[in-house]
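Trainee: Structure provided below as structure tokens; questions to follow.
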Amino acid sequence: MTRVTRDFGNTMQRDAVPPVSADVIFPSSRFPNYKIGANNQIVEVKEDSTALTMKEVVARETAQLLEQQKRLSVRDLASKFEKGLAAAAKLSDEARLKDAASLEKHVLLKKLRDALEDLRGRVAGKNKDDVEEAIAMVEALAVQLSQREGELIQEKTEVKKLATFLKQASEDAKKLVEEERAYARAEIENARAAVQRVEEALQEYERMSGASGKQDMEELMKEVQEARRIKMLHQPSKVMDMEHELQALRMQLAEKSKYSVQLQKELARKMGEETVSQLYELDGTEALGSFLQIQPCSLAAPELSECSIQWYRLACEGGKKEPISGATKPVYAPEPFDVGRVLQAEITFGDQTTLMTTASAIDPAAGLGNYVEALVRRHDIEFNVVVVQMNGTDHTSESIHVLHIGRMRMKLRKGKTSVAKEYYSASMQLCGVRGGGNAAAQATFWQVKTGLSFVLAFETERERNAAIMLARRFAYDCNIMLAGPDDRAALGS
């Protein structure tokens, strides 16, 4: 079997074959690729293509929609159906284009067959056999084209059914979306109404239980405190045992420190270092949390009430003296600013001046640093205090107040009423009370602002020193140097 070529030999003229009509429309710029398979059947050679057809894309998305319908939301389902409907419409347009192309193929095959029939009557011999073979190939191609058209018609019917199904599904999805939206709106309204009813019930309950709630809370607190006390009496914890041991160790340390100071003073007397200063001596533990008191040790010592007293700070023994403003009493309680410094008392009686100096620098209180760090980590830092003086006048009431030390301000309140409240500023002052009796180690001087000051007494010396350290620490974070009267110059230097 030979192959049809454009050159039919020398037996035919070039103008023997009439040209193809100009009204023929070719669907592509090249002739389709065909090959002869088994039993002389013409087989169309399909080009390799990785791209999927529109039908396969629609079928795949439809399968995904059916599989994911149960777990997709209503809105996503409606969107998927809309995409499927658009794809079906596009597939329908593609089917119409294929119908037009199929019609063009029929016209082309008919004209080609007519041209070959006309050619068969003009040639003879081997060329005639080739023409007849070409006519057979064209007829077989026409049969395959008819079969393909039948398949396309069936696919078109399926596409129409799929488009109808997707359109109906899209309408159902829209209805479902509207129903879900209406249901959601109704649920929201019901939830709002329920919240409003709950708020009204809570307000009513607060109004009814406002009077009795406070009393019940106080009774409950008393019961809890009593239960804790009973529990601690019957089942003391390890923490309490450690606290007792620490307290005992602190007492022993204070006694040994006091005894050491006495030995140093006796040694100084024996060595003849004290002459005029033997008239008085400093009594007390030289540590934070205690107080120092001037005591006469000679019958020739003048009465302290007739003498002028001034306390000083020294960076080291023999160093520059810094007078402590307001410290003019026989009793002085060291504050945190005095830790690491030597204290000196100057007693003047007429032309006679007596100097007394601590044996060493003031020691810090044991465990105070850890206590302050634990307080810093708290959200609210409050201390129970009693107002002793207000603007230099004794305060008659001894009711409990609460001193709140915050990171930006300090506040003094009695119950829910604020007595004083002020942000850290240059006019604020805070230090230990510079004078007084045995309670000086528990008292603090606080100048809120110019014209408003308090003397506050804390429950323990530890809380007094911790309050001063915390307030100064927070004020320093706000670029404020919080100290006592005339102490800022010493801090700056």
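From the backbone N, Cα and C atoms, a Cβ is placed for every residue, glycine too.
Reproduced below are the annotations present in TrEMBL:
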- 54-96: domain 'Stomatal closure-related actin-binding protein actin-binding' (DOMAIN)
- 100-267: domain 'Stomatal closure-related actin-binding protein coiled-coil' (DOMAIN)
- 109-208: coiled coil (COILED)
- 280-377: domain 'Stomatal closure-related actin-binding protein Ig' (DOMAIN)
- 380-487: domain 'Stomatal closure-related actin-binding protein PH' (DOMAIN)
Trainee: Reported in the order helix, strand, coil, what are the DSSP residue counts of the domain 'Stomatal closure-related actin-binding protein PH' (380-487)?
Mentor: 22 helix, 48 strand, 38 coil
Trainee: Just to be sure I understand, if DSSP states are collapsed into helix, strand and coil, how many residues of the domain 'Stomatal closure-related actin-binding protein Ig' (280-377) fall in each?
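Mentor: Output for the domain 'Stomatal closure-related actin-binding protein Ig' (280-377) reads 15 helix, 39 strand, 44 coil.
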Trainee: Return the average pLDDT for the domain 'Stomatal closure-related actin-binding protein actin-binding' (54-96) as a whole number.
Mentor: 66
